[in-house]
Amino acid sequence: MTRILDNDLMGDEELIERTLRPQYLKEYIGQDKVKNQLSIFIEAAKLRDESLDHVLLFGPPGLGKTTMAFVIANELGVNLKQTSGPAIEKAGDLVAILNDLEPGDVLFIDEIHRMPMAVEEVLYSAMEDFYIDIMIGAGDTSRSVHLELPPFTLIGATTRAGMLSNPLRARFGITGHMEYYQVDDLTEIVERTSDIFEMAIVHEAALELAKRSRGTPRIANRLLKRVRDYAQIMGDGVITKEMTDKALEMLDVDHEGLDYVDQKILRTMIEMYNGGPVGLGTLSVNIAEERDTVEDMYEPYLIQKGFIMRTRTGRVATEKAYRHLKYPLDTKTE
């Protein structure tokens, strides 16, 4: 079953995100630390008439890494070529992409951690010295061809920075950690989206949506669409605080931005394991989810919000989890 709070793209969201995409850093809401650093590095590169150093953007899904890549290219005034790690299946695919670059272009590789190692190794000399050596022919007739490349900027995006090899990670001169958004920034994003799509919304409703969006613009915009639908059918089309509360209750999204799966995780820990510690594998089996799904999709937000702690012996539900789900604290094992 698809979760309304899933960070990954759903349905027509890729098209919608392109419509909403800001063009320049001054239009980009949130991620101030990353923006401020990039602003300096971009201006310095332009003053020297050089390509920007290679950039690695990392963080959870839905926080604007792809958007930031397009913004960087716009700020530099260059073209952006886009691909993804899984799409580059062999070294020849990457060679064709690199050979097509113009001087100063940006090459954006999403999910860069999923590139095959043979492909990754081709990138090393391309990133460091702007050349590649490729083998032409086969057997006794094969020969190495040295191919010079124009200076370019590689922007890699990943949700799993720890999966990058050390040689690849070391070749990125600039790193940007994309963090969960603050409520004020998300509120502004919701109101901007409402304005672009001509939705009538009151500020209190935008604020409530922001609070329940798990710090993620993609989720905020998705919830906004569903609340708009509810307001059109159950009200007069205006997205009010009352309409927002009722719609999100229908969608099982509570005031902390937790849905039924998040609550199931916490209830399992509390009811079956006295709050923990419980191993991730055991927990995954009990809620009928894959271990990687729990670790990548559910756990980060629960930890960030203080509902779960990681310990050497397993995961532990915090007092905040007990209070949120209205369990008496005297049932918690010390």
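Backbone N, Cα and C atoms are what each Cβ position is placed from, and that goes for glycine too.
For 1-181, the entry in Swiss-Prot reads region 'Large ATPase domain (RuvB-L)'.
Within 10 Å of the C-beta of Tyr181 (ATP binding site) there are 25 other C-beta atoms, taking all protein chains into account. Look at Swiss-Prot and you will find Leu20, Arg21, Gly62, Lys65, Thr66, Thr67, Glu128, Asp129, Phe130, Arg171, Tyr181, Arg218 tagged as ATP binding site.
The feature Mg(2+) binding site is assigned by Swiss-Prot to Thr66.
Here Swiss-Prot flags 182-252 as region 'Small ATPAse domain (RuvB-S)', drawing on sequence analysis.
Swiss-Prot lists 255-334 with the feature region 'Head domain (RuvB-H)'.
Residues or ranges marked as DNA binding site by Swiss-Prot: Arg291, Arg310, Arg312, Arg315. Mapped onto three states, the DSSP output places Arg315 (DNA binding site) in strand. Counting every protein chain shown, the Cβ of Arg315 (DNA binding site) has 23 other Cβ atoms within 10 Å.
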By a three-class reduction of DSSP, Tyr181 (ATP binding site) is assigned coil
Among the binding-site residues listed as Arg291, Arg312, Arg315, the Cα nearest the Cα of Leu20 (ATP binding site) belongs to Arg291
So Gly62 (ATP binding site), by the Cβ count within 10 Å over all chains shown, scores 27
Spacing of the two Cα atoms, Gly62 (ATP binding site) and Arg315 (DNA binding site), in whole angstrom, works out to 25
